[in-house]
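Taking it in order: structure first as structure tokens, then the write-up.
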């Protein structure tokens, strides 16, 4: 009986679904054995103490979510799955240590069957449900915790106010930080308890995400505000461009400057002529931005290569660049923003990679998807100087491409400053000499005179470039007007002509259909005015023709010459 009891006890201990509820009568014995295990495994205890010591501070909400969803935590730290068994302390399987009630149960250290896992979750969370992560996110908590959480949420300045009020109020169940800040006097208690705006980047700092998720290939660019690296994401195997800010984020002012580009990217979304944004995070007090990788480099690099060989972009290519960037600017301006730093180094080139699958001829159905057939795509990048048109906070870009009215702090026509910079960018791509940063030559260009271009351009195209740098911003064409320019789209006139002809033919067809319906209506009215007797006779003759007429002729052809029975 003693051996059978020991075997039964051993099986129960080896069964990982064995919970505390099933061993209440042996609690004292298990407590003694747990002390022995702790003495035999000092490294494990030291390791847990060190983890508890260096664990970053967490809000109670996040702490409870981690206890209720340990599997999510395991996925977020892939290094735990890569540890070798040597690094783990050796413990006897016959003496599993029960969880310490003074500390959260270590879910990630021992496997559990669903039964044991659920029982441990219920014990660890107390009155909270086992699936508390979703429950806690959707259920409003105490007002103080809610305000603390809202203090760690940025407000995107480029989000339209109507959109923000419509979608961020959560049907009145949960208020945003701005709603709490704009509360009336009757809610004075809420205003007094509102925490100060905190540095979200520093509070949400992520350690070693760059090294864990990406493989750095090479450095592809260095700018005033950051360094760009070509990286491969370990999970999906795709290539991305990761931008790391040069200066660390040390306060709210630095955070706002670092977040400016992220705000603009997140609101703009995806457009074929704007460098695509994927993700951003703070790491070691530096801003990290994950963007689309453009395999053709920058337009400035291409211009430098052409200058070495004595070549320049020819007029057809210049028109293509101008048209594509105009489409990107039109998209940005329609969102109520301006770039404010258009120049060759902020325009990037993407070469279409040929597919291994058989090529299927495709026809662009509208103006929006014509770029799918283009072998080279030009995109606008580096949105660090983007500002709002309605509430401008202008930070001057490169003085070589800066419009004069911006220096005079005239912000009434901000989109036209992008047009001015784009005109000079095309002139540089055409082979113009290096632009001045100040002096007489600088003012000469601001008077509407293009720099010397070492190639002959068509009169229409040259005049278009001059219009783009007109001293009067009102006289400059808009980005939308450039996309409809006959100079950039010669086929646009033919398309409009064909469209007019098509509309004319549609009108003629509609007129004929209307006349036909009137004739049919008149004919049906005449038939309705006939007498009932005539109508009955006509109907009878019609039914006779239907039953005998046509079909009898066909049957007679088959029975011709045969005698009837």
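Cβ coordinates are placed from backbone N, Cα and C, and glycine is handled just like the others.
Between the candidates 243, 308, Swiss-Prot assigns the ATP site shared with 220, 221, 222, 223, 224, 225, 226, 227, 228 to 243.
Of the given residue ranges 470-517, 518-565, Swiss-Prot assigns the label region 'Disordered' to 518-565. Among the ranges 257-271, 272-286, 287-301, 317-331, the stretch that Swiss-Prot annotates as motif 'Nuclear export signal' is 317-331. Taking the mean position of the Cβ atoms of 220, 221, 222, 223, 224, 225, 226, 227, 228, 243 as the ATP site, the remaining residues of that chain whose Cβ falls within 8 Å of it are 244, 246. When Cβ neighbours within 10 Å are tallied across all protein chains shown, the highest count among the binding-site residues 222, 228 belongs to 228. Between residue 220 (ATP binding site) and residue 346 (Mg(2+) binding site), the C-alpha separation comes to 13 Å. Taking a C-beta cut-off of under 8 angstroms and a sequence separation of 6 or more, residue 226 (ATP binding site) has the following same-chain neighbours: 243, 244, 245, 246, 287, 289. Taking the Cα atom of each, residue 222 (ATP binding site) and residue 346 (Mg(2+) binding site) are about 12 angstrom apart. Across the annotated binding residues for ATP (220, 221, 222, 223, 224, 225, 226, 227, 228, 243), the two most widely spaced Cα atoms sit 14 Å apart. Spacing of residue 382 (Mg(2+) binding site) relative to residue 224 (ATP binding site) is 11 Å (Cα to Cα, whole number). Taking all protein chains in view, 23 other C-beta atoms sit within 10 angstroms of the C-beta of residue 341 (active site, proton acceptor).
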